[in-house]
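The block underneath contains the structure these notes are about, expressed in structure tokens.
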């Protein structure tokens, strides 16, 4: 038997017990004739004691143990004289009588500690060592608990977990597919699913009225902190439902997860916000509502006073940062440089302070009377000590997005984005379509299977850009954690949708004929939602990136530096797949 207990299990009630432990050497220290070793496994740390006076040979062997050696010990549980309140086993120690070295270890390239000295690249290369760290391991334990709670919740509501294929056909609409060549069918390719979207709709046609799957999904797209080329969805679909049914079901799931995993009781219904309001007041379809700073439009007040930057702008708007009038010129200049960064793209920033006597002092005083500045102050509801920050531009949507970045930056600087505070909302009434300059046509904002709002269906023939989708996203603290829609279940409406999106009947049949044909055999009204498991875990764990809640993630270039993937394959494999590699030079 390698162990009778784990390294996180023993307590003061176990004193005088004979036990056996196995684990890794975390650290060792020698004090006089005593050697102390912290033994670690995934359950915790237990202090081992070797006494030179009792057994000099055993103590000498203990002194030769290196970091991360794998050892087995047998000994007696003893009450610890100098207790450690920071760990659950801090009241006890083990007086070791037997030591067995199970394996030696090279010195790790970084310290296996919560606060490691390893950078991201080295940690990713030696991910199997990084996973020994409590800070990373606890994220995977949280992920495990979340999947258990998801399954329990959905099972209690009659959902059935069904696995769908990972090798499917390619559908070029949307993000790029990862493709897999077929050896058995030369010149033909599978695609890895971006989501099980069409397959779960087919399950609804099949009569599986409540489906879910914890599904691996793949998208060949540029990476960010909250994106990986492969990610995991809590994928769900329901038949005979309307939007309200789905929102109720999955708001319930969110509340269940908050209660069981974070101990947070969310009793109030989640706020609902139309997409148009989210963009108008926050410049984002995933607004962070942990703090205020709602946008105020100032075109009526600030235009027409001789300040050409505002006079020539299509949009003038700002935010009010409460109590921030103490910002220095240096801080304001830094904010100006922040919004002028290429990835944000503003031309500049105007600011105004509300003084203690209620007067307003701005960076454009020479163009505006105090009367106009007071009107501006009233529009914001600003008080003495507040700071008003204003952006303008000739593209309304672009300027709102720039103002969104400024709002988030101010929220961070003022300590308003507390990771232990959670504000949830549903964003609803999305546009059905968005114009693609690159494609020169309307594109589906979500996907082509989204049902339009019933009252907007007549607009499909007259003004498709004005059609709203029966779609909904759940947003928590400015992060989109899930989204879904009511689906089209009528073959004629689906064909009309493809037509608006520029599909010829032949192209629609070639790519989605299997779904349109299925609809002819009695498709029920249905809809669904997919939660991002990685995003939920990172949110609950307080992480800035989803990478640390994935066991073996890719880096920002989409590479697995531990496995050195992607990599070239040998010529024999290429020949079997009937492939020729022809890499074009960058011009």
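Backbone N, Cα and C atoms are what each Cβ position is placed from, and that goes for glycine too.
Per Swiss-Prot, the candidate among 228, 492 that belongs to the ATP site alongside 219, 220, 221, 480, 532, 533, 534, 535 is 228.
Of the candidate ranges 197-200, 201-204, 205-208, 209-212, Swiss-Prot annotates residues 197-200 with the feature region 'Aspartate'. The residues of the region 'Aspartate' (197-200), classed with DSSP into helix (H, G, I), strand (E, B) and coil, number 4 helix, 0 strand, 0 coil. If one looks beyond the region 'Aspartate' (197-200) by at least 6 residues along the same chain, the residues whose Cβ comes under 8 Å of a Cβ in the stretch are 164-165, 168, 171, 211, 213, 235, 237, 447, 449, 512, 514-515, 528. In this structure, residue 219 (L-aspartate binding site) belongs to neither helix nor strand by DSSP; it is coil. Of all the binding-site residues in the record (221, 480, 533, 535), the one with the smallest CA separation from residue 487 (L-aspartate binding site) is 480.
Residue 533 (ATP binding site) sits 15 Å from residue 219 (L-aspartate binding site), taking the CA atoms of both as reference points. The Cβ of residue 446 (L-aspartate binding site) lies under 8 Å from the Cβ of 430, 469, 471, 483, 485, each of which sits 6+ residues away along the same chain.
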